[in-house]
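K.L.:
Quick paste from TrEMBL:
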type     : residues : note
DOMAIN   : 1-192    : domain 'Major facilitator superfamily (MFS) profile'
TRANSMEM : 7-25     : transmembrane segment
TRANSMEM : 45-67    : transmembrane segment
TRANSMEM : 79-98    : transmembrane segment
TRANSMEM : 104-130  : transmembrane segment
TRANSMEM : 142-164  : transmembrane segment
TRANSMEM : 279-302  : transmembrane segment
TRANSMEM : 322-346  : transmembrane segment
TRANSMEM : 367-394  : transmembrane segment
TRANSMEM : 400-424  : transmembrane segment
Amino acid sequence: MGKLSGLRHLFMTLFLHNFASFMVIPAITDVTMAALCPGRDECSLAIYISGFQQAIIGLGSFVMMPLVGNLSDKYGRKALLTVPITLTIFPLAILAYSRTRSFFYAYYILKILTAMFCEGSVHCLSLAYVADNVPEGRRASAFGILSGIGSCAFVCGTLSTRFLSTASTFQVSTAMAMLSAIYMRVFLPDSIINDNLSTPIISEGKSDGVANQNKEPDKKMQVFKTMPSMEDMLALLKSSLTFSQAAIVSFFSNLADVGLHASLLYYLKARFHFNKDQFADLMVITGVAGTISQLLLMPILAPALGEERLLSVGLFFSSAHMIFYSIAWSFWVPYAAAMFSLFYVFSQPCIRSIVSKQVGPCEQGKAQGIISGIGSFANVASPLAFSPLTALFLSERAPFYFPGFSIMCVGFASMIAFVQSLMIRAIPPISSQRVGNCNYMETA
């Protein structure tokens with residue numbers, strides 16, 4: 001546990017950041033509905049603009065995630081983490097000030113612009129940070145602990161929302177986001193130390209005048225060189241059958257997860273008249289079960305079953321809980337379905353662990369960035385596919401009565417990921433064969 005204890009500052013940074021991000025989730029549906037369709041429990045406009053927002057964010061993330069991961073291989077994880085953790089503060093601050101329609105639209109636009117870089121990048125860079133510091137054989141457990149920290153923040157954040165007013169929720173969230181940025185800059189050490197790295201993106205000191213001015217074009221060229229081309233991404237996907245299979249699983253798993261998150265709260269509000277407090281209760285149950293599983297069960301099950309089998313278990317329960325949501329016949333059924341998070345939380349850490357073992361130490365950021373980019377592409381496709389279905393089947397224009405039809409379709413997408421995961425076979429990691437040619441910063 002020596003190396004894991006060295007990650008405590010990363011875990012605390014991630015906890016504070018996720019606490020700030022997650023505590024607004026139960027409240028944002030009510031805020032959106034109040035701004036766009038006051039006094040109503042069903043609003044197609046709210047569903048469509050939420051889906052559009054998620055699609056645009058996903059498109060931006062699809063472009064940015066491989067670049068962010070690749071840049072972190074060269075400039076260090078801390079420098080890249082600073083940007084999304086700081087940008088997260090600004091949209092939250094708008095709703096902390098006011099939640100009227102005009103301020104909601106200001107939040108909506110700024111959220112799109114910032115989240116195209118922020119969405120997923122903190123998690124992606126945290127995974128690469130862990131991979132830098134943890135041996136291959138223990139990464140599945142370490143990734144599980146990282147996800148467990150996120151689940152713990154999810155529980156604490158949503159539980160706080162349960163006892164706060166909507167205005168106080170956004171004010172506390174903004175303060176926690178600011179604390180996360182300050183803590184990270186002060187306490188988190190960079191996991192990449194390279195003597196050649198004399199001009200990091202986030203400068204720790206003053207420039208050297210004329211000499212640095214002469215090198216400015218070269219530095220800009222180096223930044224652009226870090227943008228992985230489509231050929232680079234395809235080459236990495238083709239480098240290992242296991243890597244490409246994990247990428248397919250990641251796509252359909254994220255397609256389902258994003259579709260569920262985009263539809264579920266509006267579905268529950270229209271079907272059972274849920275509000276901020278019921279959303280928070282549901283999320284606390286999900287978070288507590290997920291935290292227990294990731295911090296206690298996964299470190300035991302991962303070495304015993306292997307990441308490949310544990311991935312299949314997680315995806316099976318993921319599809320099962322989505323189907324239960326879709327056919328909910330009473331208000332208590334969603335609470336029972338939320339308990340499935342005890343098992344479905346295994347899937348994402350297992351995917352990341354499988355991927356990390358297929359590349360060398362100098363490619364961890366690139367590999368995690370590509371997987372995050374694939375997930376972001378699913379973020380584009382999912383709202384475009386499922387938001388219109390949700391709006392249609394929650395409206396009076398539905399071709400037949402099945403309010404949870406879109407969520408049933410989401411469950412089928414998760415089932416595709418489950419079937420693909422059954423084809424992944426455990427093979428010896430190849431990253432140990434790629435240690436020799438690791439140069440984080442090429443000299444001009």
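Cβ atoms here come from the backbone N, Cα and C positions, even for glycine.
Each of the listed features needs to be described in terms of its position in the shown structure.
P.N.:
Residues 29, 32-33, 36-37, 108, 111-112, 115-117, 119-121, 124, 226-228, 233, 258, 262-263, 266, 366, 369-370, 372-384, 386-388, 390-391, 394 of the same chain lie 6 or more positions beyond the ends of the transmembrane segment (45-67) yet place their CB under 8 Å from a CB of it.
Within its own chain, the transmembrane segment (104-130) is flanked in space by residues 7, 10, 14, 17, 31-32, 35-36, 49, 53, 56-61, 63-65, 68-69, 72-73, 77, 80-81, 83-85, 87-88, 90-91, 94-95, 139, 142-143, 146, 150, 191, 352, 356, 364-365, 368-369, 371-372, 375-376, 379, which lie at least six positions past its ends and keep a Cβ under 8 Å from the stretch.
Long-range neighbours of the transmembrane segment (142-164) within the same chain, counting only residues 6 or more positions beyond its ends whose Cβ lies under 8 Å from a Cβ of the stretch, are 4, 7, 11, 14-27, 123, 126-127, 130, 134, 172-173, 276-277, 279-281, 283-284, 286-288, 290-291, 293-295, 298-299, 302, 345-346, 348-350, 352-353, 356.
Packing against the transmembrane segment (279-302) from elsewhere in the chain are residues 22, 25-26, 29, 140-141, 144-145, 147-148, 151-152, 154-155, 158-159, 161-162, 265, 268, 310, 334-335, 338-343, 345-346, 349-350, 353: each is 6 or more residues past its ends and has a CB under 8 Å from a CB in it.
Sequence-remote contacts of a segment are chain residues at least 6 beyond its ends whose Cβ falls under 8 Å from one of its Cβ atoms, and for the transmembrane segment (400-424) they are 242, 245-246, 248-249, 251-253, 255-257, 259-260, 263-264, 267, 270-271, 308, 311-312, 315-316, 318-320, 322-323, 325-328, 347, 354, 385-386, 389-390, 393-394.
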K.L.:
Would you mind listing the long-range same-chain contacts of the transmembrane segment (7-25), meaning Cβ under 8 Å and 6+ residues beyond its ends?
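P.N.:
Contacts with the transmembrane segment (7-25): 81, 85, 88, 92, 95, 122, 126, 129-130, 133-134, 142, 145-146, 149-150, 152-154, 156-158, 160-161, 169-170, 172-174, 176-177, 179-180, 183-184, 187-189, 279, 283.
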